[in-house]
Amino acid sequence: MKIINNKFQKITVAIIFSWLIFFVLIPNLLVLAVSFLTRDGSNFYAFPITIENYTNLFNPLYAQVVWNSLSMSGIATIICLLIGYPFAFMMSKIHPKYRPLLLFLVVLPFWTNSLIRIYGMKVFLGVKGILNTMLIDMGILSAPIRILNTEIAVIIGLVYLLLPFMILPLYSAIEKLDNRLLEAARDLGANTFQRFFRVILPLTMPGIIAGCLLVLLPAMGMFYVADLLGGAKVLLVGNVIKSEFLISRNWPFGSAVSIGLTVLMALLIFVYYRANKLLNRKVELE
């Protein structure tokens, strides 16, 4: 029986590593290699080797796009956290009988393609859309306001798509809280705010960091959200990559932008693991 289990484990590990090598490592190495080549009109890329593609990343135009991507993704992440934390906390405190239903409602949007959902959001936010019509009927607005083709529309779209990715890790972290710690804090005279900021918040920080990463990292590359809700006025890093590959046909520079985004994501993941390790050590010491 042990021999069978060992063989099964080896086969499973081999399949996983093979998948990672062929579909993650090799494609990224190819992109890295192309990023050091020169643009060619007929073959997309050619020799000689150059680092000009990476020096172009520091062009003020592209630096502004990176800053816009970080700022809009950061704002969307903060909004997701402010909405997701109370919702996840509520989910963990209701009767266990109703939790599966709420979890089902959280993951239900994943059953529909995100592109179709963004088209629906475009209709919702339009000048003659549901939102403007509802606000006018309620007397809040006297005339429709333009939300589409603005940064606000892009942020709304990012929050709409990525909110479940914030709720799920937060719910997992909050559900694991030891109620005895909260009772002990209450017995020691801690009020509601003190219990939250000194007990609940530190213990759920790994879930907060994980949720922020799961929202922030994909948000920077969702070019179709900026295309449909922001028009030509709002650009994310993903829009630059798409444009360089499909429109400008500058594959080397598009590859360099992709590698730059990958490095940025890797740094953020490294920060997450370091912060998570330090938080766990702090909790153990306390």
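Placement of Cβ uses the backbone N, Cα and C atoms for every residue, glycine included.
The annotation topological domain 'Cytoplasmic' is assigned in Swiss-Prot to 1-13, 92-100, 172-199, 273-286 on the grounds of sequence analysis. Per Swiss-Prot, transmembrane segment is recorded for 14-33, 72-91, 101-120, 152-171, 200-219, 253-272. Positions annotated as topological domain 'Periplasmic' by Swiss-Prot, on the basis of sequence analysis: 34-71, 121-151, 220-252. According to Swiss-Prot, the domain 'ABC transmembrane type-1' annotation covers 66-274, on the basis of sequence analysis.
Across the topological domain 'Cytoplasmic' (172-199), the prediction's mean pLDDT works out to 86. Note on the transmembrane segment (72-91): residues 99, 102-103, 151, 154-155, 158-159, 162-163, 165-167, 170-171, 174, 208, 211-212, 215-216, 219-220, 234, 236 of its chain, located 6 or more positions outside it, place their CB under 8 angstroms from a CB of the stretch. In the topological domain 'Periplasmic' (220-252), the DSSP tally of helix, strand and coil residues is 20 helix, 0 strand, 13 coil.
Sequence-distant contacts of the topological domain 'Cytoplasmic' (172-199) (same chain, at least 6 residues past either end, Cβ-Cβ under 8 Å): 88-89, 91-92, 206-208, 210. Residues of the same chain lying 6 or more positions beyond the ends of the topological domain 'Periplasmic' (121-151) and with a Cβ under 8 Å from any Cβ of it are 68, 72, 157, 160, 228-231, 233-234. Same-chain residues lying 6+ beyond the ends of the topological domain 'Periplasmic' (34-71) with a Cβ under 8 Å from its Cβ atoms: 151, 219-220, 234-240, 249-253, 255-260. Sequence-distant contacts of the topological domain 'Cytoplasmic' (92-100), counting only residues of its own chain at least 6 positions beyond either end whose CB sits under 8 Å from a CB of the stretch, comprise 171, 174-175, 177. Through the fold, the topological domain 'Periplasmic' (220-252) approaches residues 34-39, 41, 44-45, 50, 53, 62, 65-66, 68-70, 72-73, 114-115, 118-119, 121-122, 125, 148-151, 153-154, 156-158, 161, 258, 261, 264 of its own chain, all at least 6 residues removed from its boundaries and within a Cβ separation under 8 Å.
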